[in-house]
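First up is the structure itself, then whatever we jot down about it.
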């Protein structure tokens, strides 16, 4: 019996020693010095956001100064049964991260506001595994095909083009915002560029995020790349939402210069201020019959006017027998973006000048009569 009491006292002493060691470890972890490196997401103290279920007016910016973070570690000695049950519960309640947007393609007219709305499928902050996430929103412009001449013209107009390249871009790629959520569920974001151009908001309760692009111009034609990352900055899911900037043609005109009788007719159809390039289709009619246009030698049909979109010129050459009246030349223009279609047309009749015909009459070597027809 004495030996049993000794062994019991020894066992208790051992458990007390273990408890003291664990308590000391917990105390030391709770008092980390300021020079200890921690994960970059946890080194900020995000501004709290009220979860009222209403879209926020804005997401607060991250603090300008780095604040120290206190880390507390809970120590427990779980049994095998409790560990298995907790893992099963975590696996059953775990959500696969995803980004679901209301649409993948948004058409916005020039000078209007474009809006994107997405649902963030993430676990609540109580889940330690996914309590931290990062959301990066990057704008990528859509390139358009052009010959070298048009690329240079685009550069002069203020677009981003590479000399010698066959492509031009509205502008370079740009990180719009970087949003973080800390383990407590609070959000913070880096300041958005371009002043009030972009507006980013987060609904903490509904796990939704939105992007607004104000006063859209042709440089905003591209796609937003939304990447959801874990707390180690590893990408979990990526979504592309295209913003199609568009503008219907402002005017359509046909110019048909005068010609001499027997010379070919020439006409040019000018479609001004539309967007994007390639959204306009031109067809010709001669007295109601289809005629084939002639491209310029360098293949270019359009050019940019800074801040006003693109202008297209299509040229056609028609035969002239000199025996018929001048034809009615019509230009039919169809502008299309997505499900939106707009048509217009213009007509011109070229003026024909005839060569003068002169008759002379001679009698006894002298000019008697002359007239011109």
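Cβ coordinates come from backbone N, Cα and C, glycine included.
What Swiss-Prot lists as compositional bias 'Polar residues' is 59-68. Annotation comment: Swiss-Prot describes 69-80 as compositional bias 'Low complexity'. The annotation domain 'Ig-like' is assigned in Swiss-Prot to 249-347. Annotation comment: Swiss-Prot describes 91, 111, 203, 345 as N-linked glycosylation site, evidence class sequence analysis. If you look up Swiss-Prot, you'll see 58-93 marked as region 'Disordered'. According to Swiss-Prot, the signal peptide annotation covers 1-25, on the basis of sequence analysis.
Mapped onto this structure are the features recorded in Swiss-Prot.
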residue : record                      : DSSP class
111     : N-linked glycosylation site : coil
203     : N-linked glycosylation site : strand
345     : N-linked glycosylation site : strand
Sparsest-packed of the listed glycosylation sites (111, 203, 345) - C-beta count within 10 angstroms: 111
Rounded inter-Cα distance in Å - residue 345 (N-linked glycosylation site), residue 111 (N-linked glycosylation site): 25
Rounded mean pLDDT for the residues that make up the domain 'Ig-like' (249-347): 82
Rounded inter-Cα distance in Å - residue 111 (N-linked glycosylation site), residue 203 (N-linked glycosylation site): 27
